[in-house]
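Engineer: Okay, handing you the structure first.
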Amino acid sequence: MNLILMGLPGAGKGTQAEQIVAKYNIPHISTGDMFRAAMKAETELGLQAKSFIDKGALVPDEVTIGIVRERLSQEDCKKGFLLDGFPRTVAQASALEEIMKDLGKKIDYVLNINVDSGLLLKRLTGRRICKECGATYHLEFNPPAKADVCDKCGGELYQRSDDNEETVANRLEVNIKQTKPLLDFYEELGYLQSINGEQDINKVFADIDVLIGGLA
């Protein structure tokens, strides 16, 4: 099974990715992991990527796509993979189609975990962190026993500046705009599957499992 996982920040992609790879024993491939592995192995493309990253510059598409091609050609991807964080643009998605064609494979599904932006805002702005020990809480989903006080060490809880409502709302808006052309592209190809991410996390996985189970 060859899968792509999509979803806005706070949609619960990480949790679902863990469950998919654990059950189906396929590699979870994120852009960051690919870059790190290529740089560590000092491949030609890895060294090129490193030169851009060290300068604080974006890695050009041709380098990223080359690294993706190398990674998907590896032995552990023979039975499938879960791509996360790539592609990000229609140009990258088109390049991925070419890679898959060259490898004699195709993408089976693009799983988009759908969550209303209002709920995402609540999920992302509710996080609180202990100033002393770094423990993480959530006002709704994992609240401390006593408001603003860490259960573990009694330290004061605070909200990170980039978790405030305005910053999070802007981040979501940018993500929605960037993601829409990609979703349209995959819908046209017939790969796109929308998953209700507003349910309990086990129910979300059960829905994914029913969908992809036939591919195993």
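Cβ from N, Cα, C; glycine included.
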Engineer: Under Swiss-Prot, which of the candidate ranges 30-59, 180-209 is annotated region 'NMP'?
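Structural biologist: It is 30-59 that Swiss-Prot annotates as region 'NMP'.
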Engineer: Would you kindly list the residues that approach the region 'NMP' (30-59) from elsewhere in its chain, counting only those six or more residues past its ends and only Cβ-Cβ distances under 8 Å?
Structural biologist: 66-68, 70-71, 84-86
Engineer: Restricting to the record's ATP-binding residues (Gly10, Ala11, Gly12, Lys13, Gly14, Thr15, Arg127, Thr136, Tyr137, Gln199), give me the longest CA-CA distance in Å as a whole number.
Structural biologist: 22
Engineer: Tell me the Cα distance separating Gly14 (ATP binding site) from Arg88 (AMP binding site), rounded to the nearest angstrom.
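Structural biologist: Approximately 17 Å lies between the Cα of Arg88 (AMP binding site) and that of Gly14 (ATP binding site).
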